[in-house]
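Peer 1: Quick paste from Swiss-Prot:
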BINDING   G18, A19, G20, H21, A22, G23  FAD binding site
BINDING   281-295  NAD(+) binding site
Amino acid sequence: MEFGKRYKAKDYDVIVVGAGHAGCEAALASARMGNETLLITINLEMVAFMPCNPSIGGPAKGIVVREIDAMGGEMGRNIDKTYVQMRMLNTGKGPAVRALRAQADKRQYSIEMKHTIEQTPHLTLRQGIVDDLIIEDGEVKGVVTNTGACYGAKSVVLTTGTAARGKIIIGELMYSSGPNNTQPALELSKNLAKLGFELKRFKTGTPPRVDGNTIDYDKTEEQPGDVEPNHFSYESKDEDYLKVKDQLSCWLTYTNEYTHKIIQDNLDRAPMFTGVIEGVGPRYCPSIEDKIVRFSDKPRHQLFLEPEGRNTDEYYVQGLSTSLPEEVQQEMVRSIDGLEHAEMMRPGYAIEYDVVSPYQLRPTLETKLIKGLYTAGQTNGTSGYEEAAGQGFIAGVNAGRRAKGLEEITLKRSDAYIGVMIDDLVTKGTNEPYRLLTSRAEYRLILRHDNADLRLTELGHEIGLISDERYAAFEEKKAQIEAEKQRLSKIRIKPNAEVNAFVEAHGDRELKDGVLATEFLRRPYVTYQDLLKFIPAPAEPLDRRVIEQIEIQFKYEGYIKKEYAKVEKLKRMEAKKIPARIDYSRIEGIATEAQQKLAKIQPETLAQAGRISGVNPADLSILAVYIEQGKIARVDD
């Protein structure tokens, strides 16, 4: 491959490589902190593009978007401006697993994010392909593009996503490509490997898109948006929420035995099973051919037909991800109820790409090998726009703080789902595309959709990404919550006829004695609005989000206190720092497997060491004694 002659270009504080969901958050965070930031990407028409599902949020992921917003990130604001449908999921379950999901106008989402980037001070957007890094004495000093431009920087964030040596596969067809048939980045991976980084090969996939004009909607089940307003951003207003009639519906259908037979008959042409695909695919988002083989007892699989936007007829067939040959895909699509006459506008495909094994990162997302070099998003082995954006935000903040000579930030597992994800990646690594799930969080009752601001907005203000005006509104919300909680704790409800009729209607026993309003509200069937039927209302009406906090904090108080007690115990473990450059082989009594894992991952705290697979409690106890007694054996320089 021919390269341009190298020449000295401009210097920046921070350079972000790749303008996907991770790169956009990283660049905006850095620039908003006052760093001169360059965001360089292969194609300016693909900024924050959605090459896979046209949606944001869902279980765990939706909470990540709220966390990004609570700290001053952009994804929540952007989807609130460009959604075509909004739904709160798991409303019949407890608050720990409720999650917001928005159907996006994918083109408008990209346009809006690009506009935001272009209007942000200190942020320069450029088209280009980064082929190499400038490294001096183990520290990154800039990047080199394929045209030869050498840009200097104090920190660099790599968010190359599936473009890193990307290869698209459709049946027997294979070709080098980034997502959605964009140009791939071929040289950067080679140069990262030369620097000593361990790279892995992962795979993801996408389903066919069909022409909405050729769908028979009468044979599907409509999935409309919510009537009640909800938003990803704490800054969005209820009056701006789209009425249901202005939202676009999704449509539910299913595969059937005929669909499964078509797939079974063509498994000999499926790259998943012929050995063509080398990369490891996502466990929690398998291709349809993988589902048919793994779950052969299931007679059908759920599919959602999702609109890709207001100004396109393309529908995304969620649940039908595939890399089967194009003609097989068309036959498969037409076997499905409602899609008998559907015209495919784009075939599904698999894409292989390079990832940096994430155990090579610190919890700040800086690489251990090269100072000042950060990685985020699918580059680190995750799947999903939200996971990428969460990492991008943290990497951008830390790259920006490093450029200013400030201490970097880390999020603990008890702080945020973003903290859970990063800790999982750097402590355990991943052998497949990592997806955030509520089950990965041991403190999920305190890591809720509704309280992301209470957990993280103070941090966002400290790092300079939450304005004083927004912070004052946040402080006012907190004050209102506490004032109303105090008011309710002093009011007693008397056992009159009206109250007893209400409790008996809900199958409860009548009151014999008076009860505090707070205790009454703790009953599962009592809402705050029910409570106001029996007690005076507050002097000023309360916002629904304040009321939501009051209800949750009272109803789940006992469980929440138990989780916070666990968090305090964890904090004591996190406070026990492990000195750098330990020779674990010289610590007597630690099992060989544990020595090898500890040496490879180099945990920074005793708590992190305890989460490494292969390190058992006995190993941890010995390590703790060595740390406390100062017996640590360091590696000689």
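Positions of Cβ are set from backbone N, Cα and C atoms, glycine also.
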Peer 1: Taking the Cα atoms as reference points, how far is C285 (NAD(+) binding site) from H21 (FAD binding site) in Å?
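Peer 2: For C285 (NAD(+) binding site) versus H21 (FAD binding site), the Cα atoms are 19 Å apart.
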Peer 1: Measure from the CA atom of H21 (FAD binding site) to the CA atom of F295 (NAD(+) binding site) and give the result in Å, rounded to a whole number.
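Peer 2: Checking the Cα atoms of F295 (NAD(+) binding site) and H21 (FAD binding site) gives a distance of 33 Å.
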Peer 1: If you draw a 10 Å sphere on the Cβ of E289 (NAD(+) binding site), how many other Cβ atoms land inside?
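Peer 2: Other Cβ atoms within 10 Å of E289 (NAD(+) binding site): 25.
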Peer 1: Closest of the binding-site residues to V293 (NAD(+) binding site), Cα to Cα, picking from G18, G20, G23?
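Peer 2: Closest by Cα: G20.
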Peer 1: Write out the long-range same-chain contacts of G18 (FAD binding site), meaning residues 6 or more apart in sequence whose Cβ is under 8 Å from its Cβ.
Peer 2: I40, T41, I42, L158, T159, T160, G161, A163, G377, T379
Peer 1: A22 (FAD binding site) to R283 (NAD(+) binding site): how many Å between their Cα atoms?
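Peer 2: Counting only the Cα atoms, the answer is 22 Å.
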Peer 1: Can you name the residues of this chain that are 6 or more positions from R283 (NAD(+) binding site) yet have a C-beta less than 8 Å from its C-beta?
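Peer 2: In sequence order, E432, P433, R435 meet the Cβ cut-off.
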Peer 1: Counting distance between Cα atoms, which of the binding-site residues S287, E289, K291 is nearest H21 (FAD binding site)?
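Peer 2: Closest by Cα distance to H21 (FAD binding site) among the binding-site residues S287, E289, K291: S287.
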Peer 1: Taking the binding-site residues one at a time (A19, A22, C285), which has its Cβ surrounded by the most other Cβ atoms within 10 Å?
Peer 2: A22
Peer 1: For G20 (FAD binding site), just count the other CB atoms lying within 10 A of its CB, please.
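Peer 2: Other Cβ atoms within 10 Å of G20 (FAD binding site): 30.
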Peer 1: Which of the binding-site residues A19, G20, G23 has its Cα closest in space to the Cα of K291 (NAD(+) binding site)?
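Peer 2: Closest recorded candidate to K291 (NAD(+) binding site) by Cα: G20.
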Peer 1: To which of the binding-site residues H21, K291 does the lowest count of other Cβ atoms within 10 Å belong?
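Peer 2: Sparsest of the binding-site residues H21, K291 by Cβ contacts within 10 Å: K291.
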Peer 1: Other than G18, A19, G20, H21, A22, G23, which residues of the chain come within 8 Å of the FAD site, judged by Cβ distance to the Cβ centroid of those residues?
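Peer 2: Neighbours within 8 Å of the Cβ centroid, excluding G18, A19, G20, H21, A22, G23: V16, C24, E25, A26, T41, A48, T159, G161, A376, G377, A388, G392.
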Peer 1: Here are the binding-site residues: G23, G281. Which has the lowest count of other Cβ atoms within 10 Å?
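Peer 2: Per-residue Cβ counts within 10 Å for the binding-site residues G23, G281 bottom out at G281.
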Peer 1: Sorry to bug you, but what's the C-alpha spacing from G20 (FAD binding site) to S287 (NAD(+) binding site), rounded to the closest Å?
Peer 2: 23
Peer 1: For E289 (NAD(+) binding site) and A19 (FAD binding site), determine the Cα separation and express it in whole Å.
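Peer 2: Rounded to a whole number, the Cα-Cα distance is 32 Å.
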Peer 1: Please report the distance from the Cα of G23 (FAD binding site) to the Cα of G281 (NAD(+) binding site), rounded to the nearest angstrom.
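Peer 2: G281 (NAD(+) binding site) has its Cα 23 Å from the Cα of G23 (FAD binding site).
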